[in-house]
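As written in TrEMBL, here are the features:
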| type | residues | note |
| --- | --- | --- |
| ACT_SITE | Asp72 | active site |
| ACT_SITE | Asp74 | active site |
| ACT_SITE | Asp146 | active site |
| COMPBIAS | 417-428 | compositional bias 'Basic and acidic residues' |
| COMPBIAS | 429-439 | compositional bias 'Basic residues' |
| DOMAIN | 54-176 | domain 'Poly A polymerase head' |
| DOMAIN | 204-265 | domain 'tRNA nucleotidyltransferase/poly(A) polymerase RNA and SrmB- binding' |
| DOMAIN | 318-435 | domain 'Polymerase A arginine-rich C-terminal' |
| REGION | 417-451 | region 'Disordered' |
Amino acid sequence: MIRKLIRKVLELPMGKRRGKPRVYPLPQHGIRRDQLSHAAVRVTSRLQEAGYAAYVVGGAVRDLMLGVSPKDFDVATNATPEQVHHLFRRSRIIGRRFRIVHVMMGPETIEVTTFRGGSVDDTNETGRIMADNSFGSQEEDAHRRDFTVNALFYDPSDETVIDYHHGVKDLHAKKLVMIGQPARRYQEDPVRMLRAVRLAAKLGFEIDEDTKKPIRAHAHLLKKEPGARLFDEMLKLLMSGQAYACLKKLRDEGLARGVFPLLDAVMDDKGDDAFLRLSLESTDARLRADKPISVGFLLATLLWRQVNQGWQRRVAEGEKSLPALMAAIDDVESEQENDLAIPRRFSVTMREIWTLQARFDNRTGARPYRFLEQPRFRAAYDFLALRSEAGEVPRELVSWWEEFQRADGAGCERLIAEAKEGGAEEPAKKRRRRRSGGRRKPEGGGGESAE
Ligand code: ATP
Ligand code: MG
């Protein structure tokens, strides 16, 4: 009888299931208060002292349980955004669809969210959530989160983890399981499909079968998402430290072609993606070593193949190197402009890095000196080094510039003379016919214009 009743309760859809959460004490999850950031502890304790419930929630709890240090800390509370704002002098309420409070404390910003309510209050004809500002209980809040491992709450005051959806169990099994009915959750917010792929790659988790199954059929919903949100998500993906794995997984799940214009561009032809792989692996390595990443540089590498193909083609058709490169860049940019939504602050850097590639072949006269003074020289040089690793330009060109940067006055002169000997391109008006012998091999990068 009792067993029957339990089964009945378990068969109810998640939304209707009500129950006590599992509460795990410290020895069972291992997260000590002192592993949180100073700001996370201060924000939760201040809220609790004022009589509100407050927990660290989401990615930070998940990451700490996995032994990874969290990127940032989110806090969930039953205080309204106004009440939170009132408690913290350095805070502001942001967002319209999802109103949250940013609390600034020292160098940190803590995102404080009020528990979201049970019913989705505003959806469009495809079930997409348009606004989500009705407040609710902690249990309802857990239910509105995406994956079970993302719905764990940590209470710093007694160092417990509160789990409504078997998140701890799934975390140990390294499984990403969608809360509720996956198909409906993707309709509510298609970006959850991208999050599934990104988090699985980042954490080394499997996407649970039921969570994975509806992705292919719902992929098209992503096309309707605002470009800026997709761009943000794309950036998170690229900055996850597992960028190459993420892109491959997206392709496997049917989320690349026709969905994500940038990915379409990147993965257009099958086969040779040596350059992409190298650049993403170097990004991943930099992130793991805690080195800064330039988003403009990263985007430049992603779209480079398209630019380079256009450049090569034009050079082969007899155009001069620099004008050919500029035209190829224009082609790619206008093709991407409508879909990509790359913010200007990134696209300017991207364009500069590309344009400067044509200047590495000018190794005579005063031009190498002038090039070194270019503020973007270093980024352009790093880009050249990647191209060389991918076999696009000779290693010799990279070493030449490497030495030129370090050499003293006499050393620079010697290098320039050597380059000249080797047949480096000279300024057009002074260019003379070269004698036989020293002719340089044509470069993959389309460096030298047709003579
Ligand atoms: P990351 O390591 O990338 O920060 P995260 O899980 O912390 O991963 P955030 O974007 O910081 O991701 O989101 C914080 C939490 O908010 C998530 O853990 C999840 O509980 C919830 N969340 C975020 N995006 C969604 C979404 N689209 N649908 C439902 N819940 C979401
Ligand atoms: Mg987070």
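Every residue, even glycine, has its Cβ placed from backbone N, Cα and C.
Just so you know, TrEMBL annotations never went through curation; they're auto-generated.
Cα of Asp74 (active site) to Cα of Asp146 (active site): a span of 15 Å. Across the structure, Asp146 (active site) and Asp72 (active site) place their CA atoms 18 angstrom apart.
In terms of DSSP secondary structure, the domain 'Polymerase A arginine-rich C-terminal' (318-435) contains 86 helix, 2 strand, 30 coil.
The DSSP breakdown of the domain 'tRNA nucleotidyltransferase/poly(A) polymerase RNA and SrmB- binding' (204-265) into helical (H, G, I), extended (E, B) and coil residues amounts to 41 helix, 2 strand, 19 coil.
Secondary structure counts, DSSP: the domain 'Poly A polymerase head' (54-176) has 30 helix, 43 strand, 50 coil. For Asp72 (active site), the same-chain residues lying six or more positions away in sequence with a CB closer than 8 A to its CB are Gly59, Ala60, Glu108, Thr109, Ile110, Glu111. Local packing around the Cβ, expressed as the count of other Cβ atoms within 10 angstroms, is greatest for Asp146 among the active-site residues Asp74, Asp146. In the predicted structure, the domain 'tRNA nucleotidyltransferase/poly(A) polymerase RNA and SrmB- binding' (204-265) carries a mean pLDDT of 84.
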